[in-house]
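Here's the structure we're looking at; comments come further down.
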């Protein structure tokens, strides 16, 4: 009977090629069509994903890449002794008394001198001396003051400086500011832009790669051009060091015990369920915990990477424990049995045989956990790291207790600022963050490839 | 290997915890996001010009800042709270209970609130509090009766305004700006249109309830609360040519190329018109210092003095350049900070 049906089904005999494998019947066609449809769905899904990624990347790269370039104005500044060191004693304390406000006139004079040298005048462009000074970043006075305090012997000389141009002038060369928008803008005039063009022709103004964006600290809203991600990068690095040093040993120890030594009873079951639950807890909850325990109870300082690191450790632990347990589980029991069979103790079998084989999986899990922690902002908000921090933290271990910012926090901070120049810098910081994440994921892949063992 | 690492890290933690007891040497500030830009400008200049480290400035809103300020005295509490409104009696009480008894109040200047729309949008160039009330309140006065707001377009109640759909973006309730907006614009408009009296007459003279009824905004999607920052409001305005947004003066001054500002009661908002009090919608900005921390945290008093110094908070200083309306009574504030005058009545 089975034979009969088997013969009957594929052969609805009609036409002269009936029964040929090249000639699909209706049901085969239907199945093939279903498969083609499914492939199309899959392709669409992948396409949507790729399109979203491309959109995200073009938007971020388009907005953020200009942040790595900056416009600079080169001026010869006469370090006027009458203004900087009235008594001529070169006493460092007396020099320090001159605030950055005292340095502003020097820059104004230097700008006037430069314009004279190029054979143009302010009047041609309808700008006043004050407007011309406003074309240079307010950071310039601080830069000058730092130089004079470091080299008091240069007072009285004329020294060449490369100053940052103000955010709007910089925006003009990046297409953010145009002559039309400048007319409506209260912070820049078309005259200033024309003067900037004239300076560029004269070689005093140039745009080039800006290391300052990577090394400098955050800056206030008055000088977006001087803002950098230095402090944020250090803060993130410190936190990652703490997370790595705490989460990896604790996580691995916990998983080894749970996986290899712990008796299987309801208590371990409960622990297992709770660990899985913890992995899904919103990160802000860990922030609240951090505020209550580490700051209010333990008295650790606010805005410090140590607290951030501890909070992120708590957040990363479940991820590491889960991935470590999974990789321990994937080591075949035959390896353990063989080790035990030749007389190794339980601990020897774990540390000499199982752990090395599970290491690639553990490392991958750890790195992915770290990457997740690197991009976290919410828990840091409550422990005071979402802040304006300009002071670089010192070297570890003291630096762990100094205030610092973090990369995603810096992005968040900049997107809320009024000056449009900060949008560009926020995207720039995102690019740096993405590069970090990419490097970490790449490292995870390399480690896995290198140490992976197949059975 | 993990046991070795575990012990090593435990030792490291113990070692660093011991150093944690060392004194904090930077000033810690938190509070209003409106004051944040000013505070960060001052902090930056302070760090440049003094040997003290740059203060750390956090935002998070006036209420959140004052709450943290009132948590107690000690190194792991903040030294200064920024606020875009005066400290409330309940907050002073909470402070006192936590041991924060002597508080120095410093008024740094004034901030204006402006109404602005897209530069390419219809002309919202002259608004009155009454217009805002009619456009945004959930109950308005029509022909002597209080009814659910029937207006769909601005021209429905004021023929001088453009005939476009009403859509406005007031700040959300967690902002200090919201309070000023309600009090100085919506409530003023409520009184100007006569709706206030009509509500009073209806509910039997309950002033508090009438005020509350006045400031409740319509919920049919024409008034969209913005809980984020002004950047979010700006993005909404960018996407919506008919939208009217509510901004701080400083934010507007930094984005004059994208926004068109409306006059309020025929007065153009500017630092001058706010300083003279002609422009009606403004509010003072403050910061509060814990007196107990002066002398303990290095640089705290110097920071406060530097903040209110003429070269910073004066009319020609960087704060005014950013959009702060400088306080005509700055000299009195300077002496008060110098003398560490605490708030009275404590």
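A Cβ is built for glycine as well, from the same backbone N, Cα and C atoms used for every other residue.
From a predicted model like this one, the values you see are computed outputs, not experimental measurements.
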Transmembrane segment according to TrEMBL, located in which of A:404-425, A:426-447: A:426-447
Listed range which TrEMBL flags as transmembrane segment, given the options A:354-375, A:376-397: A:354-375
Where TrEMBL places transmembrane segment among the ranges A:209-231, A:278-300: A:278-300
Per TrEMBL record, range annotated transmembrane segment [choices A:40-61, A:62-83]: A:40-61
Tertiary contacts of the transmembrane segment (A:354-375), as residues 6+ beyond its ends and Cβ separation under 8 Å: 236, 239-240, 243-244, 247-248, 251-252, 256, 260, 312, 315-316, 319-320, 322-324, 326-328, 330-331, 335-336, 407-408, 433, 436-437, 440-441, 443-444, 447-448, 450-453
Spatial neighbours of the transmembrane segment (A:237-258) far in sequence, C-beta under 8 Å, 6+ residues away: 268, 271-272, 305-306, 308-310, 312-313, 316-317, 320-321, 324-325, 328, 350, 355, 362, 366, 369-370, 373-374, 393, 396, 399-400, 404, 406
